[in-house]
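Undergrad: Below are the structure tokens for one structure; questions will follow.
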Amino acid sequence: MSCLACCCASATCGLCSSVASGISRKSARIAYCGLFGASLVVSWILRETGAPLLEKFPCTFSDPSSSIYVQSQMFQWVCRYQVPVSQRFDDWNLGINTSDAFTKEWYQQQAVLRVSFGNFLFFAIYALIMIGVKDQNDRRDSWHHGGWPVKMIVWFLLVVLMFFVPNVIVSIYGTLSKFGAGAFLLVQVVLLLDATHNWNDSWVEKDERKWYVALLVISVACYLATYAFSGILFMWFNPSGHDCGLNVFFIVMTMILAFVFAIVALHPAVNGSLLPASVISVYCAYVCYTGLSSEPHDYVCNGLNRSKAVTASTLILGMLTTVLSVLYSALRAGSSTTFLSPPSSPRSALLEDPEDGKKKNGEAEARPVSYSYSFFHVIFALASMYAAMLLSGWTDSSESASLIDVGWTSVWVKICTGWVTAGLYIWTLIAPLILPDREFY
């Protein structure tokens, strides 16, 4: 048996080494996405199947009439899951409130947060190391694209070590993750705004009638879809016989914002277009839907989920959608020159003399990097926080941990994201009027 285990371990290590050695400069970003995706899979497995393993962990407790003694100080957060209800004391110094922490839900949150914490540290450390990388002659450029066997080992060790971290630190990380998740959502909004404006500009630059017609058709279709979908939201989240004023407010506000987008964009003083306004309107309607669908499942105004029983297929589908969204946003934002482009990026390099890229002493040409390595890793660090909040229900203990992204915290985060999107879009339209001396790209 031991021989078989050694053979399996050797084969696994060989497979990992061959995969790591096959990662090239062009596939490095995809590899980082794969590493990030692996952290989500580990979090999901521990969240769904890890709790029963706690009952087998060796913990030693004292006599029921006295204070609780845990033999393994490093795994207090695990051992507390086994503590009988009658022996739970508020003075057990573990760094968090013990009134509702001795539950399966609490353990699932801890497992997700600790894996996320290790993943966050990995990308945050790399973000710090990559600060100031401007050209490919920098030694750190090879650190970003190569050394994958070492990276995988470091990532694995960081994730494992987080399970030895005291509860106080993990609790602080969970609080900070709410802000980091909000920052990641803000990055998604900026990406959307940039993409819609670029889409509109690319078609307008063609200066042909068919492209103008296409712009008009798509814009009208998006607005029709926005208001039709809003009507559906009224049926789903404003059931008859119930007072659902908050849901009605969210939906009506979304419809009003969509109308305001068109009015501002088509105003003669504003150099706007109907296409970005329509696309942002559809996005705001979608965000409103995701926010309303995250309402607690026992909330009478949530017409989609009257029961807390959620099938495995629904959970898996929701998880896959979340993973794809996070991976796309992290990859797109990290490689986008919209954010913190290095001074030597292609966008700025177009304005430089090609001869300036050569060293005066005749050495090899210093080729500029194509994107900010540091910001690339920052985006993955923020995405780690965002994914942790989704899997832990934004650390909201009021909802069952078997449900993904459900709770009032999630509702307000998404609704506010839609409002921030609306505010930023309107600002992109009126900013040139308010600040005429500044240049906007």
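Using the three backbone atoms N, Cα and C, a Cβ is placed for every residue, glycine included.
Because TrEMBL annotations are produced automatically, they should be read as predictions rather than curated entries.
It should be emphasised that the depicted structure is a prediction, and the values quoted were computed from it without experimental measurement.
Below, the features straight out of TrEMBL:
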{"type": "TRANSMEM", "residues": "111-133", "note": "transmembrane segment"}
{"type": "TRANSMEM", "residues": "153-172", "note": "transmembrane segment"}
{"type": "TRANSMEM", "residues": "211-237", "note": "transmembrane segment"}
{"type": "TRANSMEM", "residues": "244-267", "note": "transmembrane segment"}
{"type": "TRANSMEM", "residues": "273-292", "note": "transmembrane segment"}
{"type": "TRANSMEM", "residues": "312-331", "note": "transmembrane segment"}
{"type": "REGION", "residues": "336-363", "note": "region 'Disordered'"}
{"type": "TRANSMEM", "residues": "371-391", "note": "transmembrane segment"}
{"type": "TRANSMEM", "residues": "411-435", "note": "transmembrane segment"}
Undergrad: Test of understanding: applying the rule of at least three C-beta pairs under 8 Å (pairs 6 or more apart in sequence), is the transmembrane segment (111-133) touching the transmembrane segment (244-267)?
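TA: These two stretches do not touch.
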Undergrad: Can you tell me which parts of the same chain pack against the transmembrane segment (211-237), counting only residues 6+ beyond its ends and a CB-CB cutoff under 8 A?
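TA: Those are 200, 203-204, 244, 247-248, 251, 254-255, 258, 262, 273-275, 277-279, 281-282, 284-286, 288-289, 292, 295, 301-304, in sequence order.
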Undergrad: Decide whether the stretches the transmembrane segment (153-172) and the transmembrane segment (273-292) have at least 3 CB pairs under 8 angstroms, with pairs required to be 6 or more apart in sequence.
TA: no
